[in-house]
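Colleague: There's a structure below that I have some questions on.
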Amino acid sequence: MTPRACCIEPNGELRSKLVALLHDTGWVAETFDDLPTPDCPLAQDAPAFDLIVATGNPQQGSLLDLVARIRSHSASETTPIVVLGNEDDAVTAEQAFVAGVTEVFSWQHLADFRTYLGSFADDESADIAGRRVLILEDDRIQGFLLQSILAKEGLAPMLFNSVESALAGADAADFDVVITDLVLGLGQSGVSFIRRLRQSQCRSANAPIIAVSGFDDDARRLDALRAGAESFLPKPVAPAELFFHLRRLVGRPPSPERTPPPHAGSALDIQALGKLTEREQLICALAVAGHRDKRIAQELGISYWTVRTHLARIFRKFHVSNRVGLAAATRAANADEEAGSRGSSVDAPAARAGWQTLSDCIMERIPLGVVVTDHVSRIVHVNRAYCEISGYKRDELLGRTPRLLRSDRHPPEFHRKLLTTLSTAGRWSGSVWNRSKSGRDYLGKLDIRRLPGGLPLEAAFVGVMCDITEENAHVERVREQSLQDPLTGLANRILLRDRTQYEIARARRTGGHLALAFFDLDNFKPINDQYGHAVGDGVLQEVAARLAARLREHDTLARIGGDEFVALLTDIEHKEVARSLCQRLAEAFAIPFGPRGIYGRVGTSIGISLYPEDGREFETLIMRADSAMYRAKQAGGNRIACFDPSAGHPGEGEAGDRERLDAALDNHEFELLFQPQLELASGRIVAAEALLRWRNPQYGLLAAAHFIPIAERSGSIAKLGGWALRQACRALKRLARAGHPQLRLSVNVSPQQILRGQAFADDALAAIADHDLAPGRLELEISESVFLHNPEQAVKTLGTLAERGVSLALDGIGKDYFSPAYLRHLPFRAIKIDRQCIGDALSDPYCDSVARSSLLLAQGLGLEAIAEGVETDAQLAFLDQAGYRHAQGNLLGSPMPLADLIRRLDDRHG
């Protein structure tokens, strides 16, 4: 029966090319611009297509949307889906595999897709009987059910219920395929099992892995694939889809006589190797050498997913299921005449000659330097890449020792340890600075391994090297940028924190003192507004230069915000010394700014906090210096104020903090304002963030930064945060009554609230239930710091809320440190890029890179990326150019009362 394919491609030219390719390989193709309409066979109950081919850039929505719409039809729930995208487009590939796509190909390598189409029929009828299957499933009922399904089809499954027992089983026998649940009990992780299996040396380490999970979230799916799984299936597993993947991964080609597949390394395998593309030959050589997929991708400069796709086809061409089989094919082809001719129609000498020629070809083409030495360290062989890296000709290296390449960057002990490790362990891996013939020092990533005896040229060791000098320089530049303010060259907040913590530790040992002085410019905004950002940046640079010139040599000056600077003053005996130093720094503002002073004078309000009197940690000290600066501004600005716990302003003094906050809550001084989040393309309000404010009788409307740290320290945060959650739920109820039942509200949640555990989860769920809300309308914004305190408790508490449908967003991306690993813990809906990162993206290459890479990360994980703090048209243009779809900030809408938000929504919909 002729196979049928459904092709979804909006580009007419590409669609025609695709149809011609399908026809050439014996397929019937039916094409569509977008997902077929309900009357199309794809949407009917009976399966109509054997394959669905989709574009990486669908006409409507995202790739994830398209795949979800395809899978929503019963006829195509298990139909294989192939995505065609641009070459090495890692984002499209990640999105595709996350969504459950079967294979990914590029338009630039349609020959690979042609091969796949030709072998598709073989995959469909491939024999999987007798294949040994390792199952890791802690739910015994689910495990027995899966075991029964596999046994009925003639496979040999073995069930394990713990990670350790499964790893032991994988080492005790050769399994053809592994099926593992991702969510395991007793603190175990299926992703961890996959990673440990792949990194082990056990017998089944390279067997294909199918990951299954009842939690169909993109983060878990992507984690499994990145850890080394070949496929992901949602639970309950559909038998038809499971057997399709098994046939694809470990199926044997059908044979009327049911003879076993050709022995790896026989004539058929040798001929198949000759048919590999140049790229596949390189991948094959590196895989046989023991390199993992990610390492191969780095060496060849291609995406991880491209390597995975090519290896799957290489395995099929050799009729092997994994790297072990591929390595066996290589060894067999180089064996003696009897082994080489077993079952082969090609004579062994010819086979070995073919392999030798191909091996030499590959050795000269790979971009990795290869050097072989004998037992006395003389070089007996090098490839072309090694000569190019070192700058020496081949005959200049042969007969010499690697000492020729040594630089003076390593002490003699380094080389002695390297040789000792080689002689005892037989291998060494690390980074080495060498010197080329021209005198250029280069950093090489080097892997050396002992060779078996009896080889030609008395070869004893082989080293494989890649030049990582440029990559290392890039890492150093990024590291420097991450610690410096790009506009002024001063330290940034990260470096300021590190140096302050160092000085605190030193002061603790010596009994010394230090101070933080917080500078906020007065009358700077009018200059920025009148003359523009370029002039404003110039003024900030001049401020930095003037302050730095007056600073003592051992002190540190940092810019931590738009017009905010902080000075770390060390070896301070008491506050009057700090005040005197700050007075000297304030003199820097006496002279007008700009050419001939045309921009006028800029003043500064300065707040001082002292260690240890005002705090013993960086965050406490900077918060109290900020608080003192705020008091200086309230007093008229352009003056200095020291932190005074008895002064009574917000944040001063721990004794009465709780009482003051509780009283403010009882007196209804707190309120929520709502800042809209917009879909940039349409200008439509899609959500809003609820922002807590304190209308203090003495100091006016205060932002959360002025009192939340105090609430956390004093223990008031549970009461205050609970109030904010209930108010947000009440606001959602009002929005529904006003005709906006779909709007989502996000609320910031303190780590201390989350670490209350089940009590917090119960309070949040009760607030939702009391107001009769759909849980997904409330979104909790969590900072990554919650994972630094008690990650297990945080994951458990937030996991409980997520399972009940509450939406989660990770806040503060681009602020200080950020690790994408946090995204794997929970099914986040969105990430929010910090306002400072967005604000500095136009002038700071580091922030620009963070903003763009965060968006790509979100797209790859299927998350929504929201840019915060959009203040200018230039920032909005940057976001549009970078590809952001959602943002919030004063340019798009300042925080407003709920009634104003409803009016704006009504105006938009009216």
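The backbone N, Cα and C atoms fix where each Cβ goes, and this holds for glycine too.
Annotation comment: TrEMBL describes 132-250 as domain 'Response regulatory'. The domain 'HTH luxR-type' feature in TrEMBL is assigned to 269-334. Annotation comment: TrEMBL describes 362-411 as domain 'PAS'. Annotation comment: TrEMBL describes 512-645 as domain 'GGDEF'. What TrEMBL records for 654-909 is domain 'EAL'. Residues or ranges marked as 4-aspartylphosphate by TrEMBL: Asp181.
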Colleague: If you draw a 10 Å sphere on the Cβ of Asp181 (4-aspartylphosphate), how many other Cβ atoms land inside?
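Modeller: Within a 10 Å radius of the Cβ of Asp181 (4-aspartylphosphate) lie 23 other Cβ atoms.
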Colleague: When you look at the domain 'Response regulatory' (132-250) alongside the domain 'EAL' (654-909), do they share 3+ Cβ pairs under 8 Å, ignoring any pair fewer than 6 residues apart in sequence?
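Modeller: By the criterion, they touch.
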Colleague: Looking only at the domain 'EAL' (654-909), what is the model's average confidence as pLDDT?
Modeller: 86
Colleague: Specify the secondary structure state of Asp181 (4-aspartylphosphate) as given by DSSP, simplified to three classes.
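Modeller: Reduced to three states, the DSSP call for Asp181 (4-aspartylphosphate) is strand.
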